[in-house]
Every structure is written in C-alpha cells, then in structure tokens.
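Quick look at what TrEMBL annotates:
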| type | residues | note |
| --- | --- | --- |
| BINDING | ARG14, ARG31, LYS42, ASP51, GLU55, SER87, GLN91 | substrate binding site |
| COILED | 10-37 | coiled coil |
| DOMAIN | 4-95 | domain 'Chorismate mutase' |
| DOMAIN | 109-289 | domain 'Prephenate dehydratase' |
| DOMAIN | 303-380 | domain 'ACT' |
| SITE | THR282 | site 'Essential for prephenate dehydratase activity' |
Amino acid sequence: MTMTEPTYSLDEIRLRVSQIDNQLLELLAQRRQLSLEVAKSKISTAKPVRDKAREHDLLLKLIETGKEKQLDPQYVTQLFHTIIEDSVLYQQAFLQQLINPENAQPSARIAFLGSKGSYSHLASLNYFSRKQTQLLEMSCSSFRDVINEVELGHADYGVLPIENTSSGSINEVYDLLQHTSLSIVGEITQPIEHCLLTAVETQLEAIDTLYSHPQPHQQCSEFVHQLGEIKQEYCSSTADAMKIVAELSQPNIAAIGNATSGEMYGLYSLTEHIANQEQNFTRFIVVARKAIDVTPLIPAKTTFIMSTGQSAGSLVECLLILKNHNINMAKLESRPVMGNPWEEMFYVDVEENIKSEVMQQAMEELSQVTRFIKVLGCYATENVKPTEVTID
C-alpha cells in the first residue's frame, strides 16, 4: 500500500467521520450541562458569569494542546470562542429565568416585521433559541403593528431592529419607543448577509426590476447603483420582497434577502455578499409589556430617554454625570420632539444595571438637570466579546 492509498474505503471513512461528529455533539451537550452547574455555583458565591482571566488561561492551554495534536491555533481559538460564547449565553438565560420565574412559560407569542424568512423573523428565532420556549409567530406589516400587537396583549414580545452597522439607526423605531409603554427586555445582534435572489436561473444583466425593503436597499446601495437604470420596488419586509419575486417567477426580477431565507421561497442566489460593508450586523431589541429584573451576575444594559434644557452645555452636564459615576455610554442618539421645533429627545444606552447603586445615583442626579427622563428598559447584554489571546 502506497502513502497515497487510503486505509479505508470512502464509505468506511464517512462512517467514521459521522461517528466522531456524533461523539463531538454528545460531548458538547455534556459541556453545556456542566456550564449550568457553574452558573448554580456562582449564585451562592455572587461571582459574575464571566471570568475573563480564566478564559484567557484556558484558551492558551487549549492552543498549546492543539499544537501537540497538529491543530492550527487559529482553528482552536475560533472553535472555543464559539463554545465559550454559547456557554456564557446559556448560563445567562438560565440565571434570568431564575430571577424572572413568571417569564418561564412553555410558549410565547412573538410579533415581528414581515413573514417567515425576514431578518426580524431570523432574529426572533435566534433570540428565543435558548429560552426553551415554543414560539407562536405573528407576522406584522409595520413596526407600528409590532408595537400595537404587544400593547394590546395579542403578543407577549415584539422584536424590532434598532440599528445597523451600515445604514445606521432606524429612526422610526426610536420614535415609536418615545411614545410606547412597553419595556425593552432583551437584545440580539444578527449578522446580515444580503444576496440578490431570483426565482429562476438567469444572468445579472437581465435584471431590470428589484424588490427590497428600504433598509437592505440602503445597505446595498453601491451594488444597486452598479445595476444601472432598473425599476426599484419597495416592500414592507425582505420576506415580502422574496414572496413577490417567487410568485412572479420572471428572469428579469430579483429581491434582496438572505440566501437561507430565499430557499424557503424556492429562490436562487444570483449574487452573494452585496452589502456595502463586508461586516454587516443589525441590532434588534425585544420589547414586552412588563419590565424584567437582570441578575447582577451578568452584564446589563439600561436604555433611557431624556430631554435637556436648550441652554448651552445642558447635554454635556448630563454626560458628565455618567462619566463621574464611571458608567460607560454605549449609544447616544438624538431625535426631534414632534410639535416642539428645535427640541430634541436623547436616547442613551449605558452598560450598567438600572438597580445598581451607581446607576440609581446617576439617575437621581440626571432627574435634577433634565426636563424629562424615562427608563425604556434594563436587559442582559447578549453581545459576548471574545477573550483576546496572543497567538505565536
């Protein structure tokens, strides 16, 4: 037998690979369950879920062990970053259910923009995947409808996009938050992978009509410009755009959407990676009728809105209060106040639990220097930043 001849037949090799894959899944499931035991132990000791020093040491040891087994350090690092992220989010979901037992329901009604396959639908599935909850999905034709369904009690939660790394803030959602009684109870950042989708196999040059939601259209503006003089039709969601293209089934029309979602409608991916930015993410928020508590063991965000006076330095005075309490501001967005020309409402995201002592002190001081202030919600931070290690 030569060095190029396989030891086993192709069928035997595939069988062994499948057996190893199943073993890996079994071990990952066991590791996940052990992570819950870690979370339980931290309740009694009041230690935070993440121990970045230990994560750093663990990754270094795993990288060295991987080298001994001829595994590339980058591969090992990427693999265990994913495993650690899952462990952290799984522990967070477990701890949040303990502190909010009334939310541990066997099913939940979720309102989102568009039909199945829309980016809001995908974000909903991803957010609730760790909640051990059966989803009852409610498609909506507008952001206002999502808010209304939750306010009226027809839905338990609403999922809304709030900002995108390419097109920026979604102003309509910010404006709706100003006037609703709902609370933000969660967030999730969803990778957005735009493709040009068609119902039949065709050529790019044949496309003369494009269906899209305004946000994806804006995020892919450079690619759309390259298509030249084409007819552009706006839809209420990416799912609706895909549905229309599937129903028309013509070689000259296309939709902007996700390739996986396109498969739900029998669409082909004519061109992939068409967004202006290669790294394209949308942050979604989850809203409900009742605010939640966030355990101090996990990172939290608090979102509030405030209106300052129109005198010079009034906004700076507010920001200095946060700085003096060492509260990190993650987002500051201004929106006009309808009916009051030149007056602005400021939306603020801070990386702090609303019930912490420093946050309570800061809110008390802010209430004394603002014309209006309202907490929109406090919720667990879902963005798990990977622990950095230096790879030799």
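Quick reminder: no glycine exception, Cβ is built from N, Cα and C everywhere.
TrEMBL entries are annotated by machine, without manual review.
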Alpha-carbon distance [THR282 (site 'Essential for prephenate dehydratase activity'); ASP51 (substrate binding site)] in Å: 27
Remote residues contacting the coiled coil (10-37) - C-beta distance under 8 A, at least 6 residues beyond either end: 83, 86-87, 90-91, 94
Least surrounded among the binding-site residues, given as ASP51, GLU55, when other CB atoms within 10 Å are counted: ASP51
Residues of the domain 'Chorismate mutase' (4-95) by DSSP state, where helix covers H, G and I: 76 helix, 0 strand, 16 coil
DSSP state at THR282 (site 'Essential for prephenate dehydratase activity'), helix/strand/coil: strand
Residues that sit under 8 angstroms from THR282 (site 'Essential for prephenate dehydratase activity') by C-beta distance, when 6+ apart in the chain: TYR119, ALA123, PRO161, GLU163, ASN164, THR165, THR189, GLN190, ILE192
Packing count at GLN91 (substrate binding site) (other Cβ atoms within 10 Å of its Cβ): 23
